[in-house]
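Below is a structure I'd like to ask you about.
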Amino acid sequence: MDVGEGTVQEIVPQKEKEPTEDEKRRQKIAPGTLMKAVVRPGGGDATPSDNYQVVYHYTVRTLDGVVVESSRSEYGGKGIPIRHVLGKSKMIVGLLEGIPTMLKGEIAMFKMKPQVHYGEDDCPVVAPSSFPKDDELHFEIEMIDFFKAKVISDDLGVVKKVITEGQGWECPREPYEVKAWICAKTGDGKVIVTRTQGEPFFFNFGKSEVPKGLEMGIGTMTREEKAVIYVTSQYLTTSPFLPAVEGLEEVHFEVELVHFIQVRDMLGDGRLIKRRIRDGKGEFPMDCPLQDSLLRVHYKGMLQNEEKTIFFDTRVDNHGQPLEFCSGEGLVPEGFEMCVRLMVPEEIALVTCPPDYAYDKFPRPANVPEGAHIQWEIELLGFEMPKDWTGLNFQTIMEEAEKIRNTGNRLFKERKFELAKAKYDKVLREFNHVNPQDDEEGKIFSNTRNLLHLNVAACYLKMGECRKSIETCNKVLEANPGHVKALYRRGMAYMTVGDFEEAKSDFNTMIKFDKSTEPDATAALLKVKQKEQEVEKKVRKQFKGLFDKKPGEIAEAGTEDVDETAGEIHKNDDKEDSDGDHSDESHETADDAPRTSWLSRLWPRRLLAALGRPGCTIL
């Protein structure tokens, strides 16, 4: 590329990568301290590098041929080859430099001065007892194998070698059900568990039915993958698969992962379990139905009794037609929908469900007893994604928004506040991409958005999140300080949390901006006054005589009825009639919303004011 006259190009030098500790050690090797002679050539031209596991035998001799140490049984070793992962394992610097030069099958002799074996300053490997670490030595190395390794445990106690790549990306985990062909051998090749005949070995993941290290390795495998999992003694726990592990320093497990069944503990407490009994088409979770999708399912509902009594089957009781429903609208029991949302098309799953996620909170079929535990066999036939608003004209967008808002209103009336809020939030998110083209559209858009914010605020109040309700009302009032519906909603939220002055200010502001709201605002102000009087009465009773006591006695003054007092206040609130809203477009919000403790908000400033001692200080 030509650079124009007068153009200055700034070249930013790339920051050099900080060398690793092993690289720093290798840089210190002085000429003549490490020599290599090939005893037997290897095959191919590949050599190992970082993150490769190398498998080799070694024999250490003095310069006059006396064997000092060996991994070979004929020289007093255990006969088990050494396994190291380059870049991960702690090794003497001479092997760290020399092994990456070797080919598979090669035998080489490394002549090392003390500073490149155990005599190295700050050597990370401790020399065996009576090892001549100050002598020049010969290290004979036979490179048996090397391969790209999957390090599963940081201490290299579990390492995997992939023989054949598997299918997909999903790996088994607790509490999946797993089928695999497994053969186990000691480090020197002795078979201790032969490959099972007839059927693959079946086990429940996470139930200690196979050694811990083997399970860790299988937990990184995909369907149909073949691998060797190298497990050292600290990960060889006793199990039904390998009952006797005493004396085993290392076991090599040859594994072919045949299949696993996806089992999900939906609540984390073992009560709601989804078990996939037939794989579907597509990848989990990318091909699962989203919120607001139209789902088509066949299902069979059964009681969890000895007879497995069937109480409904769409193929029999629904003229063979599947059930169709939109997700996120509370049209099926909560446990049913939670599990279907994690299915892919054509999958069949068996769901076991507790009563509180089945029919205790949903219209119960006549032949299902109260408190029944349920089992559903569900087949997801398919689903349709929610409608995309891209390219729609303004009128169509507002019609779609109104449909979803009406669904939210229905859910609110059914006291499914979280689902209702999700509907309102969905429209508000979509509105971020809507651009009105004229003043009339802008007015319609603004009014609809304000209604949605107020609906969200109502949901927050019913869910006990009063501060979030206030924050949501503020979004409307920031643009329109005189919005009486937002003032009313925020005033109710303030009253619920005990911020009486702020509540009175909002109700008085309503009257200021719109005289027609005076009846509603006056009724709300009256209720605020009643709440204040109730709190003052309770507080006076609770702390009666507090200031007549000596300093050392203050801590003992009546505190034992605090929770009871707060509970009575809330009980009185629940007895009140609904304040009612002055608009059919928003929800009423004052009653039966969860409250925070009045007393926690009164102490100490408001408490002292209520007692007529605003200037007192608690010492």
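Heads up, the Cβ atoms here are built off N, Cα and C, so glycines get one too.
A TrEMBL annotation is a machine prediction, not a hand-curated record.
Straight from TrEMBL, here's the annotation block:
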- 13-25: compositional bias 'Basic and acidic residues' (COMPBIAS)
- 567-594: compositional bias 'Basic and acidic residues' (COMPBIAS)
- 51-147: domain 'PPIase FKBP-type' (DOMAIN)
- 175-261: domain 'PPIase FKBP-type' (DOMAIN)
- 292-384: domain 'PPIase FKBP-type' (DOMAIN)
- 1-26: region 'Disordered' (REGION)
- 554-596: region 'Disordered' (REGION)
- 484-517: repeat 'TPR' (REPEAT)
Looking at the domain 'PPIase FKBP-type' (175-261) and the domain 'PPIase FKBP-type' (292-384), are there 3+ C-beta pairs under 8 A, with each pair at least 6 apart in sequence?
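These two segments do not touch.
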Summarise the repeat 'TPR' (484-517) by DSSP state, stating how many residues are helix, strand and coil.
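In the repeat 'TPR' (484-517), the DSSP-based counts are 31 helix, 0 strand, 3 coil.
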As a test of reading the model: what is the averaged pLDDT for the domain 'PPIase FKBP-type' (292-384)?
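Here the mean pLDDT over the domain 'PPIase FKBP-type' (292-384) amounts to 95.
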Taking DSSP states H, G and I as helix and E and B as strand, how many residues of the domain 'PPIase FKBP-type' (292-384) are helix, strand and coil?
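Tallied per class, the domain 'PPIase FKBP-type' (292-384) gives 14 helix, 35 strand, 44 coil.
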With DSSP as the yardstick, break the domain 'PPIase FKBP-type' (175-261) down into helix, strand and coil residue counts.
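Secondary-structure breakdown of the domain 'PPIase FKBP-type' (175-261): 10 helix, 37 strand, 40 coil.
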